[in-house]
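All remarks here apply to the structure that follows.
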Amino acid sequence: MERAAFRAGLALVVLAPLPLGANRPWAWSLLALALGLLLAAARPALPRPLWPAAALWVAVLGWVAAQVGGLAPPVRPDVWARAAAALGQAVPAGASLDADAGRAVLLRLMMAAGCFWLFAAWGASRRRSASALRAIGWAAVVWAAFGLVLLTMGGDRLPFGEKTRHLGAATGPFPNRNTFALWLGMGLCALAAAAVQAEAHRRWARAAPWVAGAAVVLVALVLTQSRAGTLAAGAGVAVTLALLGRRRWVLLAVPAGVLALALLTPLETRLAATAEAPLPRLTVWAVTLEGILAEPWRGIGAGAFPDAFAAARPRALLQPWHYAHQAYLELAWELGVPTVLVLLAAIGWAVAVAVRGALNGSTTAAAGVGAAMAAGLHALADFSPQIPAAALLMASLLGLGCGRSCAAEAPPRRASAEPPAPARRPRPTPAPPGPAPSPDRQL
């Protein structure tokens, strides 16, 4: 049963990108339901060093539930007063500007926590953690190749429908190239760690398939033309390789050359164009920061950013903005600064556990730290870590790393307090009877 649950959980993580990154209500609702059933079936035990992180995460869930359920103090009385005046009837003030969106955020936070919990328990097994790393790493190769096929021979489209944005860039199964770049970067961290576990660095013949797979991922990564995604992926892989040791750098020598050559074409062109055009994101961040200063403690409610920003959007920004493209600012406006600090403390605790394991030689933990680094840096300039498929991949890799770290540090089992039973003495075996005396023997 546990083996079947492990395979099912791994399949959920590597196949989550297929339904457009699972960023549709029906997709992530099914994912949350499936992970809940796996938790009920597997009943995993969370390693004790991760209990503080779990307590902090539960506190965040409690605050979001209080916002959604109206248990927190009402927020923005002026907004509710204007709504009542517009409708001509009384509108009760709530703790969230969008309770329905808050329920969705609550479910997705629980989904990420459940994924981390499962993989932290499975990571205690050396065999399962190695299998998961290989599966995730080669899944990144498959998705990268799939994205290249869609871009070059598939008419530059999505798996299910036509592409309306990011034409000419590799997006794979994701509608957004940045999310595809982040997913590939985290998968590359897993691929590098799995290659080291397979001792591919000892022989070039053994390293060939791993280097070829990494080259495919890197080509697709560059063709996404994602600035934040490429830089964050590079930082995550660099951290992973640094934790794996200097001799492992040879694993990505050939793909690094491919990356250096590719950087001279599409990504360089986009960076040059960006330098000439102002970024509207700076305006979005400024408006978000003003909202944080207006409601720093309680926030406006989980998932309420689109409605709140629509009311405060400057006229210069014509299109609607569903994300702040800066996850930390967006969450601080929605949840309040104290809650965001608690959330970051929970993630930071888990990362610290994985770092300790990586410094002690765990390749799985090194991949988890690299994935967390890539997602954390990407969150500074985009919303991709908030997409369910990317969030699940980061949670699974970090969970595996924490599980291996905790298993390596677990004390040996204590011997029983009862004295051992005395060993039985073997019974002496009687000597075989000697030959009968000869009747001719003289006495």
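Every residue, even glycine, has its Cβ placed from backbone N, Cα and C.
It should be emphasised that the depicted structure is a prediction, and the values quoted were computed from it without experimental measurement.
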Feature transmembrane segment in TrEMBL, mapped to one of the ranges 82-101, 362-381: 362-381
For the transmembrane segment (180-197), sequence-distant contacts whose Cβ falls under 8 Å of one of its Cβ atoms, 6 or more beyond its ends: 17, 130, 133-134, 136-141, 143-144, 147, 170-174, 207, 210, 213-214, 217-218, 220-221, 224, 226, 228-230, 232-234, 236-237, 240-241, 244, 248, 251-252, 363-364, 366-367, 370-371, 374-375, 378, 382, 384-385, 389-390, 393-394, 397
Contact set, same chain, for the transmembrane segment (25-42): CB under 8 Å, 6 or more residues outside the stretch: 1-2, 5-6, 8-9, 12, 16, 19, 104, 107-108, 110-111, 114-115, 117-118, 121, 388, 392
Integer mean pLDDT for the domain 'O-antigen ligase-related' (213-343): 80
CB contact flag for the transmembrane segment (105-124) and the transmembrane segment (228-244), at least three pairs under 8 A: no
